[in-house]
Amino acid sequence: LRTLRIQEEFCTRTIHGHKPHKNLNPPLSLCGANAMKTLNSTHIRRSIISLTSLVSHLTTKNPTFKLFSTQSWLKSTRGKPLMKLPKLNYPPKQPTPLFSPPPSTHQPETPNYCPTDFTTLSEILRDPTIPPGPALENALDRAGIEVNECMFLQLFNHFDSSPKPLFTLYLWAEKKEWFKFSLPVFNAVVNALGKEREFDSAWNLILDRLNSTERPNLGTFAIMIRRYSRAGMLLPAIRTYEFSTNLEIHGLGLEDNLFEILLDSLCKEGHIREASDYFYRRKGKDLNWSPSIRVYNILLNGWFRSRKLKKAERLWTEMKKEGIKPSVVTYGTLVEGLCRMRRVEMAIELIDEMKEEGIHPNVVVYNPVIDALGEAGRFKEASGMMERLLVLESGPTLSTYNSLVKGFCKAGDIAGASKILKMMIDRGFMPTPTTYNYFFRYFSKFGKIEEGLNLYTKLIESGYVADRLTYHLLVKMLCEQDRLDLALQIIQEMRTKGFDLDLATSTMLIHLFCKMHQFDEAVEWFHDMIRRGVVPQYLTYQRLCNDLAKQGMNDNAEKLRNMMVSTPYAEKLPNTYIRDGDTSHSRRKSIIAKAEEMSNIIQTCRSPRQLIKRRTPPENAVLSANQLIENISERVE
């Protein structure tokens, strides 16, 4: 408290033009006079000081502790929190995996490749003048670099949003004498292709390997099932499961839970009805099959995620009638589902019920209640639940404190969130990027650029590194405030730290280029998205085309149309992309056709989530995937 008072007094005297007392240490560099003048209130000013003080307190308390990477190129001096950012040319750090790999994927603990080779390959893959295919293979031949398993996995983590260059890299490596098949690398290729819905290419890889000595495992098919479910292609997901169970392959115990993976994938993507129907069909066909409690937990979670309380209650009653004994995970699923539907009182009653059944609630059961109370701004009750957790042997977890931080930030109480942050640090819990992302969400929501960048810079200087969501929130905040220069510098930092640009980040930047009338740059970024295999949204294409037409930049508009015609989603909507320009008659026909198509979709879809899934996968892609799966058995034979 004394430290905070000293910092507050320093800032107050500085803002009013008084010379600070000689015994007062200056506050954090990013809380200088210019920065503090932008704050709207004394309350927020104190909160920002407290928050950044906690960061310093953490690293001072444990100087050897560093969660992530090293210095940022965002340098600051006293009174000048935002400055020109120097260019960096240091070797890339070993990037953290951006997604949880399948169980079969493992990465060597100690990288065994040359960082210079990694940098060279990264520059080749990122070069916008080298399209995937023969041109990229020629560039790789000229580099003459042998890629081992460790380097492959790091490249896939580094360019996880660029499937086309990665696929070309893998096909090129397969032709070399030094290439050694690696199942983790193979699954990473399949995952990258499935992520961008290049299912035909993924199946070609899988089928070519089925008859070889080094075959895919069930983890490979688990990836395909999850990617099909994510794309809303339910029938191919189910057929993939049925096909994989007929193969004589094994994979780290996945034989028993591949069915659970299928149900879980369908439920998480909002297809609980299809998952439930498939469950009961199997149950009806195989009378000797006894579903595990995990299967029921997945279905319960699916109904709650779809906000179908009556369906969940019906399944719960069915479980009791059949004598299925619920586990603590079952009660945790019920509690979390009720809290998600804002039935916190019912969730608390359920906790008392499970105690009567002799099942002791753990932190997994209490965390959703604390999270829901925090979301609702009921912080006194959340603190009461926290007291219950303190009695347990396990006690609160990092997730518990993160829930409270999220609640305070959502309520706009940065001071309260900072107190929770200090509490968790004092109790030995080190904040993660997820913890600080709640603060960045607040800054992004209210457009507090100065405060957001101040916190970001202080974190980096203290030894942290941001994750993908942190960069996304910063870029979003800067784009919404038309700060193109800072957004580009954050993106440069993002790439330097090993994060590839995804669809959302690229889209925000292109829209900002259009808003700033920098159309040449917008077209270049648009082209780079397609080169990397990231399909732009139709609204982005439409806006860019309209702006180019208004500016009389017909050559760029034609170039844009040619790009979109070459994408696999160009025929999604009728008359969407035409070379001759839109006439009034064709525009009317296009609007009518789109309205009719949307009407048919609305009549057949059962939920708004299904409408989202119908937005992107085209009918021809679904038919192509179905036809491909039907021919799999013939090719295997």
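Indices start at 1 and increase along the chain as displayed.
Just so it is clear, glycine is given a Cβ too, placed from its N, Cα and C backbone atoms.
These features come from TrEMBL:
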REPEAT    292-326  repeat 'PPR'
REPEAT    327-361  repeat 'PPR'
REPEAT    362-396  repeat 'PPR'
REPEAT    397-431  repeat 'PPR'
REPEAT    432-466  repeat 'PPR'
REPEAT    467-501  repeat 'PPR'
REPEAT    502-536  repeat 'PPR'
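Across the residues of the repeat 'PPR' (502-536), the predicted structure has a mean pLDDT of 90. Distant neighbours of the repeat 'PPR' (362-396): 328-329, 331-332, 335-336, 339-340, 342, 344, 347-348, 351, 354, 403-404, 406-408, 410-411, 416, 427; these residues of the same chain sit at least 6 beyond its ends, with a Cβ under 8 Å from one of its Cβ atoms. Tertiary neighbourhood of the repeat 'PPR' (292-326): same-chain residues 257, 259-260, 263-264, 266-268, 270, 272, 275-276, 279, 333-334, 336-338, 340-341, 343, 354, 357, 359, 607, 609, selected by CB-CB distance under 8 Å and a gap of 6+ residues from either end. According to DSSP, the repeat 'PPR' (362-396) comprises 26 helix, 0 strand, 9 coil.
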